[in-house]
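S.K.: Structure in structure tokens, see below.
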């Protein structure tokens with residue numbers, strides 16, 4: 001990305017002005033104002049042009065925005081929807097995308113289109129577009145396939161997703177850890193630990209290293225399978241190996257403890273990490289309190305919320321209302337306790 005930016009900086013003002021003059025002189029149903037535009041403005045212009053069927057302008061805008069340092073986003077092809085115009089719009093895009101400047105500009109436009117097609121549930125069309133990329137000798141990368149694998153594994157179409165992997169390999173595109181994580185998360189969400197272990201084996205066989213999301217999925221899987229102790233062991237391994245622990249990983253453990261009825265351990269768990277990361281504290285204490293309230297464990301929830309107040313942690317609207325309605329009237333009693341008595345009080349309440 002930095003190399004691209006340095007390249008753009010080297011472009012002379014005259015060169016950029018020349019591109020803008022060309023854009024203004026070309027026929028278009030969409031008026032393109034001169035000057036540097038924001039990413040959202042480019043997306044708006046592209047969607048206006050696409051909706052009006054002016055795909056020559058779509059092509060020019062896709063070219064010009066990259067030259068001007070404005071990259072495509074998930075909103076770039078928002079005009080492409082599951083309506084009567086879908087087929088004709090897609091064919092027009094397939095026609096103009098090969099005409100975009102080669103290299104990053106064209107590759108990025110294709111990748112964004114594939115992502116849009118997957119969001120619309122058009123997996124077959126996304127694979128057709130990948131075929132276009134391959135025929136056009138564009139460098140296919142694992143990230144090109146990520147939206148497809150994500151979409152299929154979320155819908156638990158695992159066999160279909162593995163067929164896509166076979167197609168990747170036939171085009172000499174290797175799997176990266178992110179691609180494997182989609183399979184891992186799908187299996188772990190359903191508590192399928194054996195299948196998850198098989199995916200982990202494949203990750204290592206391919207020479208990849210599990211990342212934070214890989215371990216996050218494993219913790220989720222252990223909790224969904226009712227093996228909270230195993231989940232906590234995985235979390236400890238992450239810490240020992242220096243792998244960044246995501247906030248969601250803590251949330252998985254808290255969920256497993258609360259759903260297993262281990263309310264005291266839930267508080268003990270969040271207290272063990274308290275004071276190291278203010279945002280983590282807010283997330284973990286708030287998440288635990290919310291879970292307890294939903295399970296109507298009001299007494300335990302009051303203890304957690306009091307802890308949040310004492311630590312000055314951010315509190316959501318629902319917890320704030322819960323606190324104001326149930327907890328603040330007991331503040332005087334809590335304030336009268338010294339630290340040792342307070343810890344004893346919490347232990348007695350939770351056991």
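Including glycine, each Cβ sits where the backbone N, Cα and C put it.
Keep in mind that what you see is a predicted model, and the values were worked out from it rather than measured.
Summarising the annotation, Swiss-Prot assigns transit peptide to 1-27 and lists sequence analysis as the type of evidence. Annotation comment: Swiss-Prot describes 106-140 as repeat 'PPR 1'. Residues annotated as repeat 'PPR 2' in Swiss-Prot: 141-175. Positions annotated as repeat 'PPR 3' by Swiss-Prot: 176-210. Positions annotated as repeat 'PPR 4' by Swiss-Prot: 211-245. Marked as repeat 'PPR 5' by Swiss-Prot: 246-280. Annotation comment: Swiss-Prot describes 281-315 as repeat 'PPR 6'.
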S.K.: How does the model score the repeat 'PPR 2' (141-175) in terms of mean pLDDT?
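M.R.: Over the repeat 'PPR 2' (141-175), the predicted model scores a mean pLDDT of 97.
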S.K.: By Cβ distance under 8 Å, which residues at least 6 away from the ends of the repeat 'PPR 3' (176-210) in the same chain are close to it?
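M.R.: For the repeat 'PPR 3' (176-210), the list is 142-143, 145-146, 149-150, 153-154, 156, 158, 161-162, 165, 217-218, 220-222, 224-227, 243.
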S.K.: Apart from its near flanks, which chain residues at least 6 from the ends of the repeat 'PPR 4' (211-245) lie with a Cβ under 8 angstroms of it?
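M.R.: Distant contacts of the repeat 'PPR 4' (211-245): 177-178, 180-181, 184-185, 187-193, 196, 200, 203, 252-253, 255-257, 260, 262, 269.
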S.K.: Could you tell me what the rest of the chain brings near the repeat 'PPR 2' (141-175), counting residues at least six beyond its ends with Cβ under 8 Å?
M.R.: 110-111, 114-115, 117-119, 121, 123, 126-127, 130, 133-134, 182-183, 185-187, 190, 202, 206, 208
S.K.: Tally the residues of the repeat 'PPR 5' (246-280) by DSSP class, grouping H, G and I as helix, E and B as strand, and everything else as coil.
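M.R.: Helix/strand/coil tally for the repeat 'PPR 5' (246-280): 27 helix, 0 strand, 8 coil.
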S.K.: Determine how many residues of the repeat 'PPR 4' (211-245) DSSP places in helix, in strand and in coil.
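M.R.: Across the repeat 'PPR 4' (211-245), the residues distribute as 27 helix, 0 strand, 8 coil.
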S.K.: With DSSP as the yardstick, break the repeat 'PPR 6' (281-315) down into helix, strand and coil residue counts.
M.R.: 28 helix, 0 strand, 7 coil
